[in-house]
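Shown next, in structure tokens, is the structure this report addresses.
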Amino acid sequence: MAAQLTGGSVFEKSLQEKIHDSKVLVVGAGGIGCEILKNLVMCGFQDIEIIDLDTIDVSNLNRQFLFHKEHVGKSKANVARESALSFNPNVKITAYHDSITTTNYGVSFFQKFNVVLNALDNRAARNHVNRMCLTADVPLIESGTAGYNGQVELIKRGVTQCYECQPKEAQKTFPGCTIRNTPSEPIHCIVWSKHLFNQLFGESNEDEDVSPDTADPEAAGGKAGEEALQKESNEKGNVDRVNTRSWAQSCQYNAEKLFNKLFHDDINYLLSMSNLWKNRNPPKPAKWGELDDEGEKDAENSANDAVLRDQKVWSLKEAGRVFEESISALRDEFAKLADGDHLVWDKDDKHAMDFVAACANIRAQIFNIPRKSRFEIKSMAGNIIPAIATTNAITAGVVVMHAFKVLQGQFDKCQSVYMRLRPNARNQLFIPDRTLNAPNPKCYVCAAKPEVVLKVDTKVVTVKELRDDILIKALNVINPDVVLDGKGVIVISSEEGETDCNNDKKLEELSIVDGCILKVDDFFQNYELSITIVHKDAQRDEANFEIIADLDSLKPKVDEEKDAEQQPSTSNGSSSKKDTNGEPKASTSHAANIDDDDDDMCIIEDDKQIDHDQPSTSSITPPTEKRKHTDDDGPSTKKARVDPAADEDEDLIVID
């Protein structure tokens, strides 16, 4: 058996028995997940289940040591299982190549386990596991790393704060006119390219239009696009608009036509907005067949070297070739989907990542912005900080030591732990909180009566946007039912097609106006939420909604003292303060931010990542107790409206 020495066990008998009899779930099979699985097997755990939707990429091999070159393209969960069994073939390991957010894994699934160990890489999946563990009343151990920094914390209903107890910083966004008309930084080009991917192949969003913005106030007063508009106008003087995807499909995603439209015609259109270029260097249109071939010989020599290809900056001609190849591959993938379905951008999908990297570099060249390597673009597009293998290993070790304490019922000894590159004032590299972080009584997830205030432009926001952008994306509800309180009007139903007729209606058309209350229920998550509507008139380039979980935040506040030194935030988004001796006090969490893309999740002080996929929301403060799910309730049979790509591994960090 693992964890045995000659003449006895490493662990005392009572702990050894608990380890042997326990059942553990590991969510995520990336950098931390692999290390956790290895540790569990070597410590003598006999019944382990692991789940991850991702497949193995070449870039994973430098830090995910259960995977090797021959495993590239295979399921992370399945390969991790096979590799772990080589350490101890007597262990029962069940692997799922699936998303933890699907309805296959309901409350009854989580109730099977003594402890759940999270090793995820995105906020949506973490939020979901947090809610399921709260409902199932199963201890959850969260972990994350960012470079040389790491953290581990316990989440237990009624004992500690939950993952959503403390506010997350609002995602950083950019004005639409900057993205569409006047980019000045590489990240602007990357965001534009991700928007273009969605316009062509993904879930289309009107707010992510990539065409020149003629409503840009800075362009007003000139003849903004006048000639182009005249050419496009019909006999009545109106312009017949065709959305980007319909146009691309009409030309069968021809790379040359797409290129010339996006990087030549649209740029010339922008040049006609003369006011934009009075104090800026104007862009230089690019045309297919006239691309610079600088560095092309080096490109040919490195074409088969994936690592070198990721690290070098492509020439414009090479970017054009990658653009053509990725368009062709994505077109074929898109054609295989059912009507109404779409692709989901994933930084670990070769063709999707190639497409964004190529488009970003071509656009950067046009606007005289420094181009970036594919690796750099992947890091920026995925909101990630490269992970360090040793940090993952140390963090995973602390996770399993916390698991020992949980199995022994020693929750009071499971204080959050922070790993740092340099010692603090007390010469500590591993810095524990003094006490457990207590539940937030105003948490919108685990409080006795979860509630939030939604400041929203009821004249603009539609019911579909309420469901998709606010409830599902921002509040992480899986399959909501929404009723207008006091009137009994069903606004949104989780039953397929039942309330589709409401989708395009503005909120005010259904009498959802200032002061009314919406009751939200998610049967799958066993979660209820009360939403108080506060109308606001959204200004240009301002988010149409803002979520406020602490109702007192709407009242006038007295300025708070800001002189306390702040520790890097926990995986929960909380921040611990130090006393004068450098010893962490109980956390008094402040806002922190996470996105949706790759990694373990710790936030580094003063380091901020950017998430462009989520709608901009305010910080949401929210635990103590939720309504219980009965033991005989089976898994929900309702279909979840979720992105299956939400669960990835966690070795590159998203700032949460």
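Even glycines carry a Cβ here, placed using N, Cα and C.
Under the heading active site, glycyl thioester intermediate, TrEMBL lists CYS177. Annotation source TrEMBL lists ATP binding site at 28-33, ASP52, 60-63, LYS76, 99-100, 121-126. Annotation source TrEMBL lists compositional bias 'Basic and acidic residues' at 224-241, 605-614, 624-644. What TrEMBL lists as compositional bias 'Polar residues' is 566-575. Residues or ranges marked as compositional bias 'Acidic residues' in TrEMBL: 594-604, 645-656. Taken from TrEMBL, the feature domain 'Ubiquitin/SUMO-activating enzyme ubiquitin-like' covers 454-539. Feature annotation from TrEMBL assigns domain 'SUMO-activating enzyme subunit 2 C-terminal' to 561-651.
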Recorded positions: ALA125, CYS177 - member with fewest neighbouring CB atoms within 10 Å: CYS177
Count of other CB atoms lying within 10 Å of the CB belonging to SER99 (ATP binding site): 22
Cβ neighbours within the same chain of ASN62 (ATP binding site) - under 8 Å, at least six residues apart: ALA389
Summary of DSSP states over the domain 'Ubiquitin/SUMO-activating enzyme ubiquitin-like' (454-539), given as helix, strand and coil counts: 19 helix, 28 strand, 39 coil
Which of GLY28, GLY31, the listed binding-site residues, has fewest other Cβ atoms within 10 Å: GLY31
Integer Cα-Cα distance in angstrom, GLY28 (ATP binding site) to the residue listed as 'active site, glycyl thioester intermediate': 38
Pairwise CA distance, CYS177 (active site, glycyl thioester intermediate) versus ASN122 (ATP binding site), rounded so that it is a whole Å: 28
